[in-house]
Every structure is written in structure tokens, then in C-alpha cells.
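K.L.:
I'd like to ask you about the structure that follows.
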């Protein structure tokens, strides 16, 4: 046999459901045999638990459950070698393991050496680091096994090379963020060259709470040149041939990259679809205000779930313009979703009448604005409760950053689709989506953004223009620049100080915000852990 | 000089406010000189940033700010040795450092070797571990410096002993949980005996978001016998004398322990006081239902802030009993707080009228119950917005565990005082507080708990009796027991499966819950990181 087919299982496991994930592994392995006569199939990191399992790793029955799953994989005695990831409990410690199953036996086991404990990752909370490389003989070829972060550092490849490996198998659960494909490619190239060996890289796909895994499995040759690339954001089984004489991988399917906007859009669609379906909601409901955030959220929801699983509710008040009402109903019609109009006027009046004794002698302020938002939140939640649907919230990253949103009002809901999408990107994505088919009325995109909580209110009355705001926010939140750095980059000091202060004092809102898909190198979730009680001054 | 006075500064820093914390260090150091002629003063771990600073440790200006603070401490040239904790940035890495300042110079610096990365701790996210002991000569005596977790493991004491140390200074930011004093004492005893040297243990005091630091600084002799103990939950400056000839610490102030209930009560009071004052709220407002949770929360709030900073609101509906209304007004009168009655009847009716078209053909269900809770949440938030006060929520740990609470309803607010207090402990605390003065009407304690969201509703209609529920919850949540373990302990299988399932499926609610003070070994906060999307079956 001069050539062997290697299969990459770019699967979408359900975190915690070890039984279902084990069946998924068997199903893909059988397909790799039946459809491709493959000799080896690679599954992602921790495929048996899904990634990240978080504190499920602390459950006492974990070891038993994993043992049972591995036993089931062995007992299937499939005529293919299986490389699977799972947590291995050993002498009271847990390792992030990759095991090779061949002819009904676990023939090799590797423990991840580099444990990420930054950004969204907490692996040192759970895992003990391995200390040994694992190089095994496959059809006469010495092959190294590594797990995810191991390839982001230089050590494990150097070990593999020193141990005589001629091919690296790297199994991953690597979450998406904008631009990550480019980073990964450069990295694989560098490591392949360092080790002078080809690399097979398989990655999980799917949404898991705030993370979106993009798949995008790939292979590079010993010079780092791309030999194959699987699509992003879709599960699937992909193959590449290994020439046993030369030890080289042969060129295979090359899925073309999509543009950055399309990539973000697909990440959002996948994030919504998986959150809704994995949590078994009947569908979603959202407030449609006539503004661009809810318009884009609706388009994503329909693309993720189909129009029949999406309901939109316009909740007008005295400050809601006719244009907003027309645009909302127009968009609902274009997208074919069920559409309700529920005025909040009598509800607001009932609250104000009841609060009148407590509010005697006070002035109108943001209290009344928040009250409008909260009337709407309660209506959406009531519809969600009654119909078993999930409320999607529509707050974008710029709003989340500066607290331009109402807790228990427009923040009421289970999944915030645009949570990591800055407002300027909301506009780009809306235009991008409309290029396929114009589902968002043009006036929604071109009118100046307004919360419509006061007469003639515009967002830019209380915030810097969005391009300015978003640049300041990206520098502060994603790049950790200081106030001095941001001012030096050309922003007005008053803007910088105001925006940074707003970010700092609104941590309490974000702490109670719904989760949403992470798209950048720093989202407002597990990624950014700030104290609420916080005396840090903006200073320098 | 045969004896030296050592001062323990049990201080309450504000996280992030390096300038203010530096002033606090100088103030306590001057007091130690003026009032006690002390030769050395010990401050807690990371006193310059407060603990835990979380992602503030990633800010680029951290190094500059800490350098300035250390410079200010040196330049003060106080006639006392200062041992302070701070993050040290060095070659791009951050260490959890303890530095000794003497005569205007930083004369020694130790880097914490054991970095906790479990429970609520994420130190491996931020810090590089030190590798070296630090033993310095103080008045001819070799003294070891260690930081917090270093004393929870055997290594650093063994190092200190091997390096010839005869006294250990251990600076801490050790959060409270029930029973921790006993653990700490046993630990200090064990280490002192292992190292055959006395230990001076200083701890931070104060509330910081979900953590409460109890102070309780202490000293033990080389046999582990207690020589001094500072009070819990109060800041203060405490002293002990060191005999330079024998190297022994001399017996000093012994604050007696309080009982476990009093200790929990004080932790709650401190948690509320510090959250409110450090975040600069004018006061607090809470819904008073006539039930025991809000009754106890009110008592704690008044004890923390004084009656004039606390407002209570009774929000009756058709299912609210006369007893509840009488008990609520009675309690408000006894505690001397401002009391409002705001009926939610007309607001509820307004919502139902507006929702009628969307609800055509549906039955009454929990939607209408949630709606009542949400009307109340919106009223409290409006009062909070108008008056600059914080809404305290009143959900206990048993409710948080099984999701017996309404998001954006009774969960609407900034701080959940009883979040880590199981219902059975709520009863005990209420009785305990009443022993000082009966502020909670007896009928509030003796009547069967009810949410009063349906006619004649009792909590125990839908949940196991609270003693049963709380035992199952403690085993599952705090002790990580499996379903099989809990059934084996004598609980009915149906109860166990129902309760565990409720805990698992309600993660989404807890994720949006307000923070609250942690009192147990596992609270629902940073301590317990479960996925929302989760296919883990209860199984075994």
C-alpha cells in the first residue's frame, strides 16, 4: 500500500453529551471507511466532551463516562485508526489527551503540554500539563501527535522533530475570531518549516455559548505550503492522501476563503443556530425597532433558523417615528416572519401612575427612558415564556461597551447576536447582507441611529460619532491601549476620557448581559474579567 | 533592643485605586509608628491594587503605577520596615510580589510560588510563579517572606526552614467561607510545626464584588499554638512583640471567635456595606414581600447602612395575603426604614390587555407568574434610577440553584445579598438576628414559604421540603457528589433527579443574576463555571 487516505472529521459535538459525541465519532469513522476507505481519521480536541466542557471536568463521574466511551470506540473494532481527544483522569489529575485507537486497542496516548490560560481559556484550572512527546509508527512512518496550543508554541514541534517524526497530527478546538485564519496559516507554515514536516490540522466546528468554532481544517506540506483546506462554519468529512514512500501529503480539496464580512456573517448565523437548536428552543422572538441593529439581527436569525421559527415585535411609543414603524413592517414582510405590533403606551402610563407618589417633585430623566425599554423587555419575555422561544437581544458591541442600553430592558433576552459587533461593522454587515437580497430597507441603513427614547433623539447627541467611538473602543478594549496612547493616536482627549470612563463604570451592566458570539480577540465575556467594584482611574 | 513590635495592618483597600491604597499604607504605617513604636508593619497580599484586581493586571500602565506607588512609599522614609504586596512587572511577566521597604529602599522582594487557579482564583491567568525562597535578616533574625497560597502547600515552608529561617511572615488575601477559620488554624499549626518556626499571618478585610475577606489575622508559635488573633470583618491595626533573643513571638490580643451564624451574618453585612459604599450608591431599595428572604435582607441592609439609607417597597397583587402586607409594614416600622406600597394590579392588567392578541387561545401558565415578578422588578429599577440607589435582590441560594426565580423580575437588581445562603440557613439567620432584637415579625419566620404568584401557592408544592432540597443541593453543588452518591445517602431518587436537572437547566438564569457575597466553598459565581449549552445527563 503506497498511499493511505487520511480523514479529517470536522464535527460539531454537543458539550457534555459524551454518549452522543461517541456516536458522532463512530458515525464519521464509518463514513470515512465506507466513502473513502480511509486508514486514519482525526477528530478535534476533547471531541468526546465537546469544547470547552468547563467545570463539567470537575464532575466525579467524568472518568467513568470517558472510560465507557473509549471502550465503545474500541469495541466497535472499526477497520480504521481513530485519533480522538478526551479528558484523561489519572491518579486524581486530569490531562487533555489525544488517544489513538487501532484494532480495538488504545495504542497510544498523548497529553497536551501547552495549556492556554488566557483570553477565554482556563485550561490550567482543569488540566495537568503533559511533559512527553508522542511519536508513533503509522505504516512505517514516524508520526507525532499534538493538541491545539501545542502548535502555538515552539517546544512540541522541536520535540517531535528531535524524536524523528516526519508528520504531525494536530487536533484542535480553536475558536474563531476575525483574522484568525491568517494567523493560523502563518503559524502552521512556521512550524512546518521548523520541523521540516507536513502538518494535518483538524478543528471543531459549531457554536458553544459565546464561542464559535470555525472548523477550517487544513493541511500544509513540510515547506508550509497549503495542501488542503476545509470550509469554515460547516461540519463535514474531508480527506487527504499520504504517500507512504515519500512521507508527503498530496494536494487535496482547497475551499476558497470567503471575504472577512461574509466570514463574520457566517459566524453569527452559526452562533445563533447552534445556541437555539442545542438548547432546544422552538424559535426566537425579537423586538424590531426600525433601527439597524434589530434589522440585522432579524436577517441573521432568519438565515440561521428559517422564517417560520422567527417572530418580530414592534412596540411603538409616543417617540417612535412613523418611518420606524413602516421600516419594521416592511422588513418583517420582506423576510416573511410573523409580525406583531404591541404599543407600550398604556403600560408605560400604568407604571407612571403607580410610581407618581414615589416620584413627587422629581424631574424627567433617564428613568423614564429606561422604563420604556423595560416595558418592551417584559413584553418580549412574556411572549418567549408563552411560546417556548428564545428572546434575541440586539445590542451591539459599541453599546455594550459604553452602557448605552437598559438592563432588563433592551438587554432582556438569552442571546445577544451583535454583542461583539461594533456599530460600524453592523452597518457593513447590513450592506453586505443586502447585496445577496435587499432584506433590510435602505432607509434603515441610511438614517442616523436613534434609540427613540426622547423626541428627536440621536445616538450621536450623547456619544462621539460611531467611527470615532469604535476606534477608541477597539484600542481600549481589544488592544489594551492606555488613554495616553489613544490620545496620541489623534483622538480628542475629552472623547477618550469620556468613553473610557463609560466603559469602566458599565461593567455591572455587562455582568448581567446575555451571552453572545465572540468575533474579536476580546469580547465582553469570559474574555474580559474586570471587577465591578473598581477604583482604577483612567489616568495614563 | 531585645524586643520589637510587629504590626499587622488588616486593611480594606479599594481594588484598582493604587493611589488611595498607597495612602492607606502610609496612614497605617504612621499609626504603627506613632501608636506602637513598631519596627515592622505587614500589609496584605497585593495591597497596592487590592485583591483580586482581575484583568486590571493586563493594563499597560500597571507597571508605571506600581513603580510610582513604591517610589512614594520609599520616599516617605518612614522609620519602620514595610512589607507590602503588589504586582511586579518584569520582562513582560507579572509576579505576585511581596516587597520589604526599609530606610527608603526596597531591600528584598519575594515572588509568590504557589498560584491558586481553582475555585474563584485565576492567578495563572496573570502571574508567573516565583521559584526562589526569600529569607532576610531582620534585627539579626532570619525571616522568610511568603504570600497566601504558599502556606497552603508544603514546599515554601520546607524551603524557608532549609534556608535557616526562624520566623515566617505570610501576607494574604484569603476570602471567607464558612468554617475557613478552623481550616486556617489547622493549616498554620501544621506548617509552624513542619518549619519549627512561628508564623505571622496578615489578611485583607472587606467586600469586593462576590468575595468577602474576613481579616482574622493571626500569629502562632513554633508549636502552632495561637498567640494572637485579630477580629474578623473589621479593619484595624494589631500588634505582637517579637523577642529577638529567643526569636519567639509573645502572646498578644486574642479576639474570641464568634459563632458560625454570627460570622455569616457579619460577612453579609460587610459584603453589602462595601458593595454599596465602594460603588458610591446613595443607598438601597428592595422589595419587601412579607416573606423571610426579603425580611432578612432588609435587616442586613439596615445593619450595614443604617435605616436612613434603606427603602422598602411592598408591591401587592391579588394573590398577596393580608398577612404579608401586615408583616411587611410591621417590619418596615420596626426597622425604621422608608416604606412604600405600590400595587402592581393596574400595571399587570395593562400588560395582559396589550398581550391579549398574541396570547389568544393560550392557557394561564408561569408566563403570568413571571409577569407579576417583572412588574415588581421594573418598579424597583425605576425607583433605583430616580434616587441613585442600588436594588438589592433577595433570592437565596436554594432558589438560585433550582431557578425558582424570575429573570428581570425578582432577580432584577445589583446585589443579591442571600445568593450563597441556602433557605434553611435563611431561617437560622433570621432567628439569630431576632435574638439581638426582634426586627423580623415571628409570623414571617413561622409561616410556610410562598412566592404568592398563584392562589394558595406554597414553595413546597413544587419543590422538596427545604431541609431535603438543601441537603441535595449542598451535596451536588458544593461537594460535587453524583446522583448515585446522593441517592445512596438516603434521598429519594425522584427528588434527586428532579433537583439535579433543575440545577443543570437553570445555568442561563444564574449567568444573568446579580452578584452576591460568597459564603461557602462553592458559590454561584466565578466559583462555578458551567456551560449553558450542556448535554451532560444526570446519569451517574
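Glycine is no exception: its Cβ is also placed from the backbone N, Cα and C atoms.
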K.L.:
In TrEMBL, B:287, B:288, B:289, B:290, B:291, B:292, B:293, B:294 are given as binding ATP, so which of B:182, B:393, B:394 is in that site too?
P.N.:
B:394
K.L.:
Hey, TrEMBL has deamido-NAD(+) bound by B:370, B:399. Any idea which of B:225, B:278, B:509, B:521 it lists too?
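P.N.:
Looking at B:225, B:278, B:509, B:521, the one TrEMBL places in the deamido-NAD(+) site next to B:370, B:399 is B:509.
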K.L.:
For a quick check of understanding: given the listed ATP-binding residues B:287, B:288, B:289, B:290, B:291, B:292, B:293, B:294, B:394, what is the maximum Cα-Cα distance in angstrom, as an integer?
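P.N.:
Binding-site diameter by Cα atoms for ATP: 12 Å.
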K.L.:
So among B:112, B:180, B:370, B:399, B:509, all listed as recorded positions, which is physically nearest to residue B:293 (ATP binding site)? Use the C-alpha atoms.
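P.N.:
Nearest candidate: B:399.
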K.L.:
B:112, B:180, B:509: which of these recorded positions has the sparsest Cβ neighbourhood within 10 Å?
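P.N.:
Ranked by other Cβ atoms within 10 Å, the recorded positions B:112, B:180, B:509 bottom out at B:180.
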K.L.:
Select from B:112, B:118, B:370 the recorded positions whose C-beta atom falls under 8 Å of at least one C-beta in chain A, and return them in sequence order or as 'none'.
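P.N.:
Filtering B:112, B:118, B:370 for a Cβ under 8 Å from chain A leaves B:118, B:370.
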K.L.:
Quick check: in three-state DSSP terms, what is residue B:287 (ATP binding site)?
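P.N.:
For residue B:287 (ATP binding site) - judged by DSSP and reduced to three states - the answer is strand.
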K.L.:
For the C-alpha pair, I'd like the distance in angstrom between residue B:287 (ATP binding site) and residue B:370 (deamido-NAD(+) binding site), rounded off.
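P.N.:
Cα of residue B:287 (ATP binding site) to Cα of residue B:370 (deamido-NAD(+) binding site) measures 15 Å after rounding.
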K.L.:
CA-CA, which of the recorded positions B:45, B:118, B:174, B:509 lies nearest residue B:289 (ATP binding site)?
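P.N.:
For residue B:289 (ATP binding site), the spatially nearest of the recorded positions is B:509.
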K.L.:
Could you check which of the recorded positions B:45, B:118, B:148, B:174, B:394 is the closest Cα neighbour of residue B:370 (deamido-NAD(+) binding site)?
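P.N.:
In terms of Cα distance, residue B:370 (deamido-NAD(+) binding site) lies closest to B:394.
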K.L.:
Same chain, not part of B:287, B:288, B:289, B:290, B:291, B:292, B:293, B:294, B:394: whose C-beta falls within 8 angstroms of the C-beta centre of the ATP site? Give them in sequence order.
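P.N.:
Everything else in range on the chain: B:295, B:297, B:298, B:328.
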K.L.:
For the recorded L-glutamine site formed by B:118, B:174, B:180, name the remaining residues of the chain with Cβ within 8 Å of the site's Cβ center, in chain order.
P.N.:
B:116, B:119, B:121, B:152, B:175, B:177, B:183
